[in-house]
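Feature annotation from TrEMBL assigns compositional bias 'Polar residues' to 1-14. Annotation comment: TrEMBL describes 34-110 as domain 'Cytochrome b5 heme-binding'. The region 'Disordered' annotation in TrEMBL covers 1-31. According to TrEMBL, the feature transmembrane segment maps to 142-163, 169-189.
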Amino acid sequence: MGKGSKNSESSVLVENQDKDRSATREMIENNSNKKQYTWEEVRRHSSKTDRWLVVDKRVFDVTRWTKHPGGQVILNHYAGQDATEVFHAFHPDITLVEKYLKSFYIGDVVDDTEDHDQALKRDFEQLRQKALSKKLFQPSRFFFIISFLHILVFEFAAYFVLFRFGTSWIPYLITLLFYVIAEAQCGWLQHDFGHLSVFKKTAWNHLFHQLSIGLIKGGSADWWNNMHFQHHAKPNVIDKDPDTRIEPLFLLGDTIPI
């Protein structure tokens, strides 16, 4: 394929992403009876029993949405806030969530006073589009399959050494080395499967995620998804990102230095 063909494919990919980001607005464009709200009004609905959130300048009342696939915690994290970026990060195919969004849509945001960092958002969006155009988000399935197989090889080698040479110190240390390599590599591999970023079919990603974190590492895929989705919804935000809940082990005093 020539260079022109590659550029054409990249532009199509970026165009599809833009269409997905505007789908939320288009699907409710014809509803002219909805109210308009200010950011001050939106921020007042920020509790578990009264929560609104904003996506692409559209206001959604998700107070009674008890069956959100991503769980209630993420909805609570963004109550009274703009959830546009995290929404599109977690929902690449907008058509799958259209039927849910329509029933929760209540109106539009009428001012931009909340978007004081709009310039920063535009910079990150330009960076994202550049990464898309360069196909940096397209995985090599061959790489992931080979990585999965080499983990299985090290796992087998670890047990084989003990079976063949016994439990003296040298076989034990060799086994430990093989097992540490397998488990460490598997930790990163299951991460990508858990993000559903390897295969086009979600079922295949879930299958390999269960095999890697469940069978090989002995962990829970559901637990990991619940915690890690919260991490990406509010990265490094104290009391919201589960990965930052170890501050009592390293900090002294009653005030967190942020």
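Even glycines carry a Cβ here, placed using N, Cα and C.
Automatic, uncurated: that is what TrEMBL annotation is.
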Intrachain residues whose Cβ lies under 8 Å of the transmembrane segment (142-163), provided they are six or more past its termini: 171-172, 174-176, 178-179, 181-182, 185-186, 189, 192-193, 198, 208, 211-212, 216
Secondary structure composition of the domain 'Cytochrome b5 heme-binding' (34-110) [DSSP: H/G/I, E/B, coil]: 28 helix, 22 strand, 27 coil
